[in-house]
Amino acid sequence: MVNAGDMNGSGNLMDFLDEPFPDVGTYEDFHTIDWLREKSRDTDRHRKITNKSKESIWEFVKSLLDAWSGWVVMLLIGLLAGTLAGVIDLAVDWMTDLKEGVCLSAFWYSHEQCCWTSNETTFDDRDKCPKWQKWSELLVNQSEGASAYILNYFLYIMWALSFAFLAVSLVRVFAPYACGSGIPEIKTILSGFIIRGYLGKWTLLIKTVTLVLVVSSGLSLGKEGPLVHVACCCGNFFSSLFSKYSKNEGKRREVLSAAAAAGVSVAFGAPIGGVLFSLEEVSYYFPLKTLWRSFFAALVAAFTLRSINPFGNSRLVLFYVEYHTPWYMAELFPFILLGVFGGLWGTLFIRCNIAWCRRRKTTRLGKYPVLEVIVVTAITAIIAYPNPYTRRSTSELISELFNDCGALESSQLCDYINDPNMTRPVDDIPDRPAGFGVYTAMWQLALALIFKIIITIFTFGMKIPSGLFIPSMAVGAMAGRMVGIGVEQLAYHHHDWIIFRNWCRPGADCVTPGLYAMVGAAACLGGVTRMTVSLVVIMFELTGGLEYIVPLMAAAVTSKWVADAFGKEGIYEAHIHLNGYPFLDAKDEFTHRTLATDVMRPRRGEPPLSVLTQDSMTVEDVETLIKETNYNGFPVVVSKDSERLIGFAQRRELILAIKNARQRQDGVVSNSIMYFTEDPPELPANSPHPLKLRRILNLSPFTVTDHTPMETVVDIFRKLGLRQCLVTRSGRLLGIITKKDVLRHMAQMANQDPESIMFN
């Protein structure tokens, strides 16, 4: 860009653009930002502040405040994200228990909190306390029997339907963008796409409230993905308070990358995993400075959540576990098998869910979002209630599946036959034969697994906030726990087999079924999302056990290999393509031997490219061109005969410039000549005032020659975040390639419908 101070207009001509006017440099909704331009504007702003800071003490203080504003924004994001996550956890805990009963001493207490405060609770009956009453006890004074069961069953369904109906109604009326996981859209926004309102205050408020309602309703979804959306809404809100971020879309996206890290930090209690998740999974542009700030935001968010202590166990998540026995090399085989299961489940889920979501988009089903949510909630509640493993919240289920069976565990999964002569430390109980409770739990888990696999396909993507992390982990944890119990019993009954002889002596604690559940959870989550490094770190931070990193890595890598064999897309990329968002995935490889001339517009037989000339078009000509076309910008050439390229002018800035010129500059009329050169053209004496618009001209648009390989062009678009690229030959303009042209060409080369890039 050329500085306004260097421009020499004619003596009596005012270049009104010397002073910036409102909205210049901003983008319209559903358009892509120009990363190079945003970077250049930030560099200019920084240079100006640095130069001014030498003029006075006050300017120096202002420069320090500007430098510190980034850290202040991170602090505020961490505090708000941590607080919201704590409030959501507490509210979900209470409302989930509300479906089954109420605390008489204080109705706002959950079952666990109610029994903590009771002095009449014994250790053997720790889940039963006089202050907590089921609905049947409260309404008809019966706790056992068919009538009590039916009443509790009916009220469980009614509460679930009430929560779900309220959630979908709030989303539909107040914030349609609050539905779904939010991660596909955040990936698209971070790649430079503008979706106004997606990270707005209403979306933040409604998503927070409805997230509590839908998780409490018992639907097969989690709050972890939507917490990333909530944290990004916090980031967007705080960045709008500082002009450094509110006026620069590129800088704003650095803040949103850090906010995504804070979201995962509070979702899983994994600050380092959150930073790696932002880097690996959602961010498009992640400079080193953003890495430090992401770490700080994730740290503050985790510290805030720890201060609130929503689960009362001084941990950041409900399913924190510690194991006491090491794993053995022979166990790598079942761990890898779990990885294969995770990859197959991921592939099955993505294909079925995308097929169902496409059906929802293209049929009448999509016109009845409230009815769909009500039907799925009713089916979920009716089938879930009879099975204790599907009735409880999914987080509690995962917590129980991850748990190691200690001497104090009362779970059915720990109903082993004990040796009456055993005298061992409490945390080192040897492998024992399974009792009746374990076998009952196994078939209940098998039914719960089938139910979760099917119902999650139909739940994810409905018009309510819905995360996928927790349901995926639950599927893997159930499969893993069953495999773990199978291996444990095999080792107990056949300890003389060659594979067990070296490491599993009679009376030893060899196999930890909870570890298999954890590995299975990681495998299934990896199969669905295709995460690897961040997934292993998140799972490691969940358990606090460094020695289990190898099993987790083996399962995560295996699940990714197996899933990638059937298709490279994770669930978020698949939803991006389903919605037609203009997202250029860095993971996609382009290996076709096409050239820029094959992709550029105009094609053969199409009308010529719409261009502006540097000094021969009137205001009326330009306004007519803008009205008749819907292009985002126009190349500026010397003349239509020579077509030698001068620069590129954005549509929005042309409209704003003409509008402001008519208001502020006398003599500008429809037949005024517009010029983009330093000096005005020579005009007849009686002609109206010309309009100088050199300030809005990008004098260095990115250009390639017509023989540039498309492999290089795709790489340029990815790495520089371009909106468009001009095609020239010997300085003469031939055509233009936009980001959507690149995406359409890539879809065509992959034998897909090029018009699927239709989001507008």
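Note: Cβ is positioned from N, Cα and C throughout, glycine not excepted.
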Write down the single range among 468-487, 548-567 that appears in TrEMBL as transmembrane segment.
468-487
What stretch of 153-175, 195-215, 255-279, 441-461, 468-487 shows the most Cβ pairs under 8 Å to the transmembrane segment (227-243)?
255-279
Long-range neighbours of the transmembrane segment (332-356), counting only residues six or more past its ends (CB under 8 A)
453, 456-458, 460-461, 472, 475-476, 479-480, 483-484, 487, 516, 519-520, 522-530, 550-551, 554-567, 569-571, 574-575, 578
Mean of pLDDT values spanning the domain 'CBS' (697-755):
89
Take the transmembrane segment (153-175) and find every residue of the same chain, 6 or more past its ends, with a Cβ under 8 Å from one of its Cβ atoms.
95, 98-100, 135, 200, 202-203, 205-207, 209-210, 213-214, 216-219, 369-370, 373-374, 377-378, 380-382, 385, 391, 462-465
Secondary structure composition of the domain 'CBS' (697-755) [DSSP: H/G/I, E/B, coil]:
24 helix, 19 strand, 16 coil
Which one of these stretches, 68-92, 255-279, 368-385, 441-461, 515-540, has the most C-beta pairs shorter than 8 Å to the transmembrane segment (468-487)?
515-540
Tertiary contacts of the transmembrane segment (368-385) (same chain, 6+ residues out, Cβ under 8 Å)
153, 156-157, 160-161, 164-165, 167-169, 172, 217-220, 360, 391, 451, 455, 458-459, 462-464
